[in-house]
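Quick look at what TrEMBL annotates:
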ACT_SITE  15  active site, proton donor
ACT_SITE  115  active site
BINDING   12, 13, 14, 15, 104, 118, 198, 213, 277  IMP binding site
BINDING   14  Mg(2+) binding site
BINDING   14, 15, 16, 279, 305, 306, 307, 388, 389, 390  GTP binding site
BINDING   273, 274, 275, 276, 277, 278, 279  substrate binding site
């Protein structure tokens, strides 16, 4: 079996996963499939790669008994994210002051800027160290001319080139034409699992712009981020929490404040894998979920963290957006001003007062939990086939 990962971004998205022994791993660039022996992991062309961070993750996995040798491929077309991109990220956020986006300051946005400006460096450039320094010099000068706070000297460039000479040697065994590898695997009818970071509401096109990431973490990113043709993609399963969360700034119509928000945050351990930042929490937003289902064409949903809602006397679903004058919105708005002003109409459902974390069959779920799941299905028009009731790998109900 092949496990592939196109992060549709870089190490800003974190994935906290547990192996079969219950050991916790926080991965950012390395695909989660690395914990399954016999899988080949692929970091696709759509990802941006901070090489030192990538090796840190590999060293961490190896020291915990997870062999990475010959099991990870990195696309030669993926872009390189340098420390200078991270420095620029911090300077840009500082410059924005009160209107900052709330990035992870991992350099993702500036690296994608380099990519789109077409002066970025790619993994394949590590094979041409004779011209590497000249290309990197362009990036350094670009940052220095744009930001007063960015200090640049030729010795910095020399130091970075020397560093990357060492990285190039170590990375060489990982580098591959992953478009060819993946399409060969498709022809051989191997199983491919695509893993993405973040979600549709952070998509550069479809998300709550400008409070978004710099890439396409919706289903379309599978094709552009890996080089897989649309017709090769089978069923798509949408993963959605039983409530809504958001990290960083931006509009959040169903957000809960005070005690209720704290309850969900603490019960759901809603703190960012990458930054540890507390996530903002709120009721499930059906308007946003329907919009995501349309864009991605989900055939079914995986509803996670249903156990976090246990113990609440009532649970709300945000089912409709209205403008301040009372006018109903037909769908999720692209205009941020409109989104910040919407009034949400809620449906109130009874909660359930029992712990469901050990339940493994749908029929054993309390009536309130079943009603909640079925109402989501009715409102969204997509069946829920999987229900997560805890962080463990086995804490899953098949419906």
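Quick reminder: no glycine exception, Cβ is built from N, Cα and C everywhere.
Predicted automatically and left uncurated, TrEMBL annotations should be read as such.
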Could you state the CA-to-CA distance between residue 115 (active site) and residue 198 (IMP binding site) to the nearest Å? 20
Cβ neighbours within 10 Å, counted over all protein chains: which one of the binding-site residues 16, 198, 275 has the most? 198
Find the shortest Cα-Cα separation between residue 277 (IMP binding site) and the binding-site residues 16, 307, 389, and name the residue that gives it. 16
Taking every protein chain shown into account, which of the binding-site residues 276, 277, 278, 305, 389 has the largest tally of Cβ atoms within 10 Å of its Cβ? 389
Between residue 279 (substrate binding site) and residue 198 (IMP binding site), find the distance joining the two CA atoms and give it rounded to the nearest Å. 13
Roughly how many angstrom lie between the C-alpha atoms of residue 276 (substrate binding site) and residue 16 (GTP binding site)? 12
Just the number: how many Å between the Cα atoms of residue 389 (GTP binding site) and residue 198 (IMP binding site)? 21
Applying a 10 Å Cβ distance cut-off over all chains shown, what neighbour count does residue 307 (GTP binding site) have? 22
Residue 115 (active site) has its Cβ surrounded, within 10 angstroms, by a count of other Cβ atoms equal to 20
Round to the nearest Å and give the CA-to-CA distance linking residue 307 (GTP binding site) with residue 278 (substrate binding site). 19
Cα of residue 275 (substrate binding site) to Cα of residue 16 (GTP binding site), in Å and rounded, measures 12
Expressed to the nearest Å, what is the distance separating residue 198 (IMP binding site) and residue 16 (GTP binding site) at their Cα atoms? 13
